[in-house]
Amino acid sequence: MNCNSNKYPILGLINTPKELRQLSEDHLAKLCNELRQFLLTSVSKSSGHFASGLGTIELTVALHYVYNTPFDYLIWDVGHQAYPHKILTGRRERIFSIRRKNGLHPFPCRDESEYDVLSVGHSSTSISAGLGLAIAAEREMLGRRTVCVIGDGAITAGMAFEAMNHAGFTKSDLLIILNDNEMSISENVGALNNHHTHILSKKVYSNLKVDNNKILSDVLSTNTLIKHIGNQIKNFNGTSSSLFSQLGFNYIGPVNGHDVLELVYILRNIRDMKGPQFLHIITKKGCGYEPAEKDPIKWHAVPKFNPESGSLPVEHSKNITYSAIFGDWLCQVAARDNKIIGITPAMREGSGMSIFSQKYPKQYFDVAIAEQHAVTFAAGLAIAGYKPIVAIYSTFLQRAYDQVIHDVAIQNLPVLFAVDRGGIVGADGQTHQGAFDLSYLRCIPNMIIMTPSDACECKLMLYTGYRYRYGPSVVRYPKGYAVPGNLADTTKLYTLPLSKGVIRRQGNCIAILNFGTLLQSAYNVASKLNATLVDMRFVKPLDENLIKTLAKNHQVLITLEENTVMGGAGSGVNEFIMQNKLSIPVLNIGLPDFFISQGSQSEILSELGLDSIGIYKKIIKWIH
């Protein structure tokens, strides 16, 4: 995107933070205004994460102005808020390509820029990595500083507190900035708070406060106020400062995160402080664009839109997403069973649980960004006779793997996992692709795993998992619109026979064993090859009798899945064939052994040879 020098006279001159640091402070507020407008214009034309970045404009400018990046380490947690950072670090002209195939990564990425110290995408990793970098920097003795920026949602995760507990123990020189955008924690910002912040951020106060009131009163003026601050330091601004102080941090704040000069002043004071520092800033998600300020959840991630209209485009598609199918089913069964408990780790809207949360608030739990807790919480409910359903993205279930094994599967508890975003998710790239779940779940004893091929099967499999009371079960479905199927059949729900596949097309010589929503593409290929097509439905347990029959009556078997080939559903078929000494060649088609970058779902599937044309070519090449 071309940066018009007339519209952006200051931003247009800045290609690196070094150039930013050459500006006088008088220009910083104007730069922030230009950067905010540039972000609005670029995201409206390209789509992407929006509201978070609007809220971190001033912080981004202040950090790159005060700290000597990239020599100093600057880490963004998750990365939703890092678009302004990308714009200021040499990627302004490519920002329009973000989240597109061969474009900028959706989150900070080490392969993309030396300013991206840590590749991110999942939450709450910044402080752990930052502490490692801070300790390494201390051993270098070059004066390098480390800063971690984390949001009020991400800081609720256990990993963040584990890292802060360690950082407080090591006393390393590390600055954590809490970007509190009023979506979770909130504190008032006022004149007294600002005055306290100035005192707390001064080096002399940081050095001397350990000796408490006597030294503070002797050294600093306004004795009465300082005595009060000294007495109340551990309770300053309520529980926030008390908690972080007890973890070993020097708590500073809260600070107005939209006053760039105030941030520069405070960061300069903090930069050379010794030990772990905690700066609490208050920002407004969507700041500077009124529609995003009023509804930051809606404007968190956006399609292309017209900024002047103040509204997002309305889709008129009659199609329904798999997430919505799950939400509809959840409401359908909850109407008859008050022991159903729906659980999500901070993904209510994305998982299709908004209506359920409104209709059945006593049966709904958003546990925040706490995947491990979500799973073990579900285990406790199951032990007590309730029917927990954990709605979770495939990529985030990875974070709770031990809990799935230790707390659910070993105890054989009836917990249903509704695993959303299985397979290719598209624009969010390699950190969010659901490439591994069939592999990492299939090896767990006691686990039932189902892969629906359409909306109807999705509902019936969810119901089957809900009614299965002998252990844990998984229904795994992709992002995006569902293949409709015959949804009229699901007005009266019924269970599917366990481990039974369905032959969708009878053919000769070649049998295609499909797992999941690539069935339509598989059907096109099967018709062209006159092959038998089977909707296997169950990854575990497999329909072993059907596999034996197919092996007996065909010359080759093809397995097809939107999961990594290594350890996936096809591997399960291979294992069964070898164990039973069935003499038939098998081709496994699925995701390759590398991390898959961003792009649209259709672009990626085509590139990987998982559309109809690609599947056909793979089979023909292998046979001949």
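Placement of Cβ uses the backbone N, Cα and C atoms for every residue, glycine included.
As annotated by Swiss-Prot, thiamine diphosphate binding site applies to His80, Gly121, His122, Ser123, Gly153, Ala154, Asn181, Tyr289, Glu371. According to Swiss-Prot, the feature Mg(2+) binding site maps to Asp152, Asn181, an assignment based on sequence analysis.
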Inset, instruction - Starting from each candidate's C-beta and looking 10 angstroms out, tell me which of the binding-site residues His80, His122 has the most other C-beta atoms. - result: His80
Inset, instruction - Measuring Cα to Cα, tell me the gap between Asp152 (Mg(2+) binding site) and Asn181 (thiamine diphosphate binding site) in whole angstrom. - result: 7
Inset, instruction - Please compare the binding-site residues Asp152, Glu371 by how many other CB atoms fall within 10 Å of each one's CB, and tell me which has the fewest. - result: Asp152
Legend entry - Same-chain residues at least 6 apart in sequence whose Cβ lies under 8 Å from Asn181 (thiamine diphosphate binding site): Ser52, Gly55, Gly151, Asp152, Ile282, Thr283, Lys284, Lys285, Pro296
Inset, instruction - Compute all pairwise C-alpha distances among His80, Gly121, His122, Ser123, Gly153, Ala154, Asn181, Tyr289, Glu371, the residues listed as binding thiamine diphosphate, and give the largest one in whole angstrom. - result: 32
Inset, instruction - Across all the protein chains here, work out how many other Cβ atoms are within 10 Å of the Cβ of Gly153 (thiamine diphosphate binding site). - result: 21
Inset, instruction - Using DSSP with the three-state reduction, classify Gly153 (thiamine diphosphate binding site) as helix, strand or coil. - result: coil
